[in-house]
Amino acid sequence: MSAEKTYPVPEQTAANALLNREQYEQMYRRSLEDPENFWAEQADAFLSWFKRWDKVQNNDLAKGQIRWFEGGKLNVSYNCLDRHLDTHGDRHAIIWEADEPGTTRHITYRELHEAVCRLANVLKDRGVGKGDRVSIYMPMIPEAVVAMLACTRIGAVHSIVFGGFSPHALRDRIEDADCRTVITADEGLRSGKPVPLKENVEKAIDGLDSVHTVVTVKHTGNDVTWHPERDVWYHEATAAASAECACEEMDAEDPLFILYTSGSTGKPKGVLHTTGGYLLQASMTFKYVFDYHDGEVYWCTADVGWVTGHSYIVYGPLSNGATSLVFEGVPTYPDAGRFWQVIDDHQVNIFYTAPTAIRSLMGQGEDLVKKYSRSSLRILGTVGEPINPEAWEWYYRVVGDERCRIVDTWWQTETGAIMISALPGAVDLKPGSATLPFFGVEPQLVDNDGNVLEGATEGNLCINRAWPSMMRTIYGDHERFMNTYLTTYKGKYFTGDGARRDEDGYYWITGRVDDVLNVSGHRMGTAEIESALVLHESVAEAAVVGYPHDVKGQGIYCYVTLVNGVEPSDDLQAELAGLVRKEIGPIAKPDVIQWAPGLPKTRSGKIMRRILRKVATNELDSLGDTSTLADPSVVDELISNRANR
Ligand code: WTA
C-alpha cells in the first residue's frame, strides 16, 4: 500500500459483505478473461428473460457497434415489478419524503405495479406504443417513477428533462427526440416554493402541434392552463384505466431511454441507452457497490432528471426488489439537518449523495448532524464530481461516525452505470480516489497522442472495451457519437476525464479535460452558455470557463465582449445572467461576468481558453506563452479588468 492515508476493510465488514477482496479479484479477472461466460451468468442471475439471447456480445468500438444479449427478450418494468410480487409484493418499493417535513407516502411493490399498469394503459389509449418517445418533466414525486416504468412497460422510450430546465431547454429536447407525449405535474415544490412545471410545458410546446398528449399530475393543486383536447389529468385517467397491462416483449437492444447531456460543443446530446445491457449493469452495480442486503432502505438524493436518478433511484434498486427513498426536497430546507432527519425517520441504511451537498452541509457545522442518531447508516456513497479529501473525511467521521464504508463512484450519463468504485467489503479506501474498476471495465490512461501509459501515471481516461450499459449512440446523430467518443483514440471509448493511477492501481479522477463544466455535480457545456449570452443584442462575443469554487466544485466564469458603442453596466450584467437562466435554467446562472474588450485568440482565430482559465483562477504568474496570440495586449486588459471587476 502507498503512503496515502488508507482505510482498510475491517474484518467483520469483509465477512458480512457480499464480496470480499479475493472474490472481487477473482470475478474481475474472469470478467475480462472470459467475458462471454461471465456476462451470461450475470444476466441469468440478475434478470428475468422471456427468451434467452442468441449472442452475449457483438462489439466493435472502432466501428461504433455495441450490442449485448442480441435476440434476448425481456421487459424492464417486469424485472422491476412483476417478478417481485410473489416474494415481496407488500414490501415498500418507494418511500416518499415530501419537500415539507412530515409528509410521506409508502408505496408497496404491489401498489406500484398497479399504478404503472394503469398509466401504461392511459398511454396506450392515447396511441403511445413501442418505440415512441415520451418526454417526462416532473418533480420528485412517486408518479415520476410510475411514468418511467409505464413507458418501459409498453416499450415507449422515455426522455426525462430535469424540472429545473427552462421551457426553452425543454422544447429543444422535445423537438430533438420528436416526443409527442409529455408527462408533467401542475407544479413542483422546492424549499416551499412552487416550480411552474405545467406552465413551462405550455411555453415549451407552444405551436408544436406534434405533441398530442400532456398528462398532468395534480401535485400542489394550483390552477393551470388547460387544453381539453390535448390535456389529461393523471388522477382521472388512471382511475378510469384497467389495473392490468401486459408487458411488451422487448429485444435486449431495443431503446430504453434517451437522456440529454452536455458536451464540449454544440447542443446537448441525446444519449441513448438500450434495454438488456443497461438494466443488467444498473442492477449488478447497485447490488455490489452498495452491498445491498435484502430488506434494507436505500436513499439516493439525486433527481430522476439526471442519470444517477435513472440508475440508482429507479432501475438499480427496483430490479433488486429494494426499498428506494424518493426525496422531493433540498438538503437545506427547512434547515441543514434535513438529510439526517430523513435518515432517522426512515431508518436509511445506505445513503448516496453528491460532494457538493456534503461540502455545503459541512459549512454548517457538526451540531446539526449530531442532533440526529444516524445509527441506521451502514454505507455512504458519493457521485458526480471529484470529492476533496477534506469533505471525504468529514463525511466519514461526522456523518458516518467512522463506522460506514464510503463508496466514491465514478461514472457518466454515457456509461449508464458505475464504472470505477470501491466495493464495501473488498476495497481499502483512500479519500479522494474512486479506487478500482467494476467487473468488465478495462480503464486505460493514454497521452494526447494515444499512447497507452502503464503503471503509476496520469493521462486521459479511456475504456478499452465495451461494457453492457454503454450508450449505443447519440439519438439521431451516430456520426457525432463516433466523433465525440470513439475516434479520438481509435478502438477505445474516451471519457473526457483526466485521471491519475497510483502504484496500487487506484484511479483518481482529476476532472474534465474538455470544455465541459461540472457545477454542483451538474454537467454543462461552456458552448451552451456562450450561445445563450450571444443571443443578447449587445453581446458581440462570449467565452466561458470554469474556476474552482469551494462549494460547487466549479463556478461559471463568463468573459463578454460588447458590441461597439455599448457601455458595460450592472444592469446589463444582470440582464445577461437572467438571459442564461431563461435559456438554460437556474443551474447555469453565471457566477462571474467580466467585460472583455477583446478575447485572447491565436492568429487563426481560436480562443485560447487556457489563458482565460488562468485569469479566472487568478493564476497570473503562470499564463504561459502568450506570444502566439494575434494581439497579446488583450491579456493585459483582461487582467486589469479582472482587478476592477
Ligand atoms: C464527473 C454523473 C470524480 C466526471 C454520474 C464525469 C466524477 C462527469 C465522479 C459525468 C466521481 C462523476 N469522481 N468525477 N466519483 N462521478 N464525475 O454525466 O467528470 O452527469 O465525466 O454523470 O462527472 O457527469 P454525468
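Glycine too: its Cβ is placed from the backbone N, Cα and C atoms.
Nobody curates TrEMBL annotations by hand; they come from automatic prediction.
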Additional site residue, Arg397, Arg480, Arg523 [criterion: listed by TrEMBL with Gly384, Glu385, Pro386, Asp408, Thr409, Trp410, Trp411, Gln412, Thr413, Asp497, Arg512 for ATP]: Arg523
Among Gly384, Ser520, Val534, His536, Val539, Lys606, the recorded positions whose C-beta sits under 6 Å from ligand 1: Gly384
List of residues, in chain order, with Cβ under 8 A from that of Val534 (Mg(2+) binding site) and at least 6 apart: Ala540, Glu541, Ala542
Among Gly384, Pro386 [binding-site residues], residue with fewest other Cβ within 10 Å: Pro386
Spatial separation of His536 (Mg(2+) binding site) from Thr308 (CoA binding site) - C-alpha basis, Å: 34
Listed binding-site residues Ser520, Val539, Arg581, filtered to Cα within 10 Å of Gly384 (ATP binding site): Ser520
Tertiary neighbours of His536 (Mg(2+) binding site) (same chain, Cβ under 8 Å, six or more apart): Glu575, Leu576, Leu579
Rounded Cα separation (Å) that holds between Ser520 (CoA binding site) and Arg512 (ATP binding site): 14
For the recorded positions Arg581, Lys606, the one whose C-beta sees the most other C-beta atoms within 10 angstroms: Arg581
